[in-house]
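First up is the structure itself, then whatever we jot down about it.
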């Protein structure tokens, strides 16, 4: 009986399979070369593929083609965690940079808005002063027109009164002349 088949049967029965020293260039792939470089061992099935002793599905690679975390030895786990931490640090640095740029943009926008508001307030003040001056000029001209109108009305009233007096004087004179002519 082939020793590899025996280990495969043992594996199927739940017994621990035999361990073979890993060799670079074997079918174990990246894990074999990593473990070989560190002097580790790889569990192999009848086909020479590396296997996890816990579960069949754990030996399948994850979506990125890497071995699952449960299959890795301590050194590989530490390396994978280090890679993850460096990736997270990179992402955090990218996020911090993006947030700093966004913060700078928002600060710049805020400063520009404050300047625009200040300019608008100055413009509104200037318009208010201009409107106040225009209103004061209008009030002054309206007051002058009202005074002139009142003066004109008073002059007209005095002219009308003067005309009434003259008319009364003419009527008296005509009445006096009529009496003299009729007499």
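We number each residue from 1, going along the chain as drawn.
Each residue, glycine too, has its Cβ placed from N, Cα and C.
TrEMBL entries are annotated by machine, without manual review.
According to TrEMBL, the region 'Disordered' annotation covers 1-59.
What TrEMBL records for 1-11 is compositional bias 'Basic residues'.
Per TrEMBL, the feature compositional bias 'Basic and acidic residues' maps to 41-56.
Among residues of the same chain six or more beyond the coiled coil (103-133), none has a C-beta under 8 A of the stretch's C-beta atoms. For 103-133, the entry in TrEMBL reads coiled coil.
The average pLDDT computed over the coiled coil (103-133) stands at 97.
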